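K.L.:
Dropping the structure in here first, questions after.
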Amino acid sequence: MKHKKSIILIIISISLLGLMLIFIGPEKIVNDIRKADPLYLSLAVAVHMLTLYLWMVRWRIAVVAAKIKTKNQPLFRILVLGLATNNITPAKSGGEALRAYLLSKYSKTPFESSFATVLIDKGLDTFPLILLSIISLFHMILVFRFSLWLVIGLLITLFAVVFSFFIILYVSVKPELGKKVKRGIMRIARIFYKHKSKKLSKLESRISDAIVKYQDAVRLMIKNKNVIYVALPLSFVIWFLEIIRIWAVFWAFGVYISPIIIAEVMIVATLVSMVPIFPGGLGAIEGLMILFYSMAGVPLPLSAAITIVERLISFWLTIFLGVATLPYFGSDMVGKVFK
């Protein structure tokens, strides 16, 4: 049922995007795409691949800090499949759990420890997101003169993301809060396991063990110097490379645009992709990118051409790479991804 919903949402998203492109003018868009410089497009693809590799390096720092043993190659495949799964699920919600599951399976470690590494890896993105959001929102107010309500909406979304991460992190390192979480889960469990004291006792023991393993893994990573002094700066490098990739696509079309505007579009696209409507923000993100670039002075058909090519690299290439890893994980994994 879930995979049918995702397929329907993808079809709706692509249909809306198609209508948008028809309105702009397909012939003009195709003509602009034909003029793109292959050298700069190759550079954009190379930067994207480098970004994925550095993402794996950053995650590996958390994995090593949690004392989980695995090699680079399977870790890269797991990362790419997780990112591809995010691109086909609303609010990018499926990839993290899949990454934790696969890491747990192939490293033969508890799922709780694997999930903790994914939490830290995602959390490291919060810091460049905050910095770029502050710069971008001020620039949006001054240059684009967006309505106050739109800016407030973006600020609320950003605050919700940051607040949620730090709350989860705080709960993750405080043993007493872990006990409260366990009590809350047990209260719900007692509704479904009335008059089954043995099952409740086993469940309580498993939950306690899971929370302890998870919190131990988080504390190990936070105390590790490499997480702070290597992985955190690497997060800023990864975001910088994202901007360079988009910039390279603009160069391919002979267009110069301020990197601040690119950063703004990235931030808005990131926040929009977190809204649980369309898979990976498909359709909505493309529309916003075309709108922003045209407002920055890029002709509408050219904005559409640049957006299509950029999304082919950042969105669809990632999905293709993720699908290409499925044979490595076995036929059973195909069902798990598309459930």
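Keep in mind that glycine also has a Cβ here, set from the backbone N, Cα and C atoms.
In case it helps, Swiss-Prot gives these features for our protein:
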type: TRANSMEM; residues: 6-26; note: transmembrane segment
type: TRANSMEM; residues: 37-57; note: transmembrane segment
type: TRANSMEM; residues: 124-144; note: transmembrane segment
type: TRANSMEM; residues: 148-168; note: transmembrane segment
type: TRANSMEM; residues: 227-247; note: transmembrane segment
type: TRANSMEM; residues: 248-268; note: transmembrane segment
type: TRANSMEM; residues: 287-309; note: transmembrane segment
type: TRANSMEM; residues: 312-332; note: transmembrane segment
K.L.:
Of the stretches 148-168, 227-247, 287-309, which racks up the most C-beta pairs under 8 Å with the transmembrane segment (37-57)?
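P.N.:
That would be 227-247.
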K.L.:
Please indicate, using numbers and ranges, the residues of the same chain that are 6 or more beyond the transmembrane segment (124-144) and have a C-beta under 8 Å from a C-beta there.
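P.N.:
Counting only partners 6 or more residues beyond its ends, the transmembrane segment (124-144) has Cβ contacts under 8 Å with 58, 151, 154-155, 158, 161-162, 165, 227, 231-232, 234-236, 238-239, 260-261, 263-264, 266-268, 270, 292, 295.
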K.L.:
Same chain only, please: residues at least 6 beyond the ends of the transmembrane segment (248-268) with a C-beta under 8 Å from a C-beta of the stretch. Say none if there are none.
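P.N.:
Apart from its flanks, the transmembrane segment (248-268) reaches 32, 35-41, 43-44, 47, 129, 132-133, 135-137, 139-140, 154, 239, 242, 288-289, 292-293, 296, 298, 302, 305-306, 309-310, 313.
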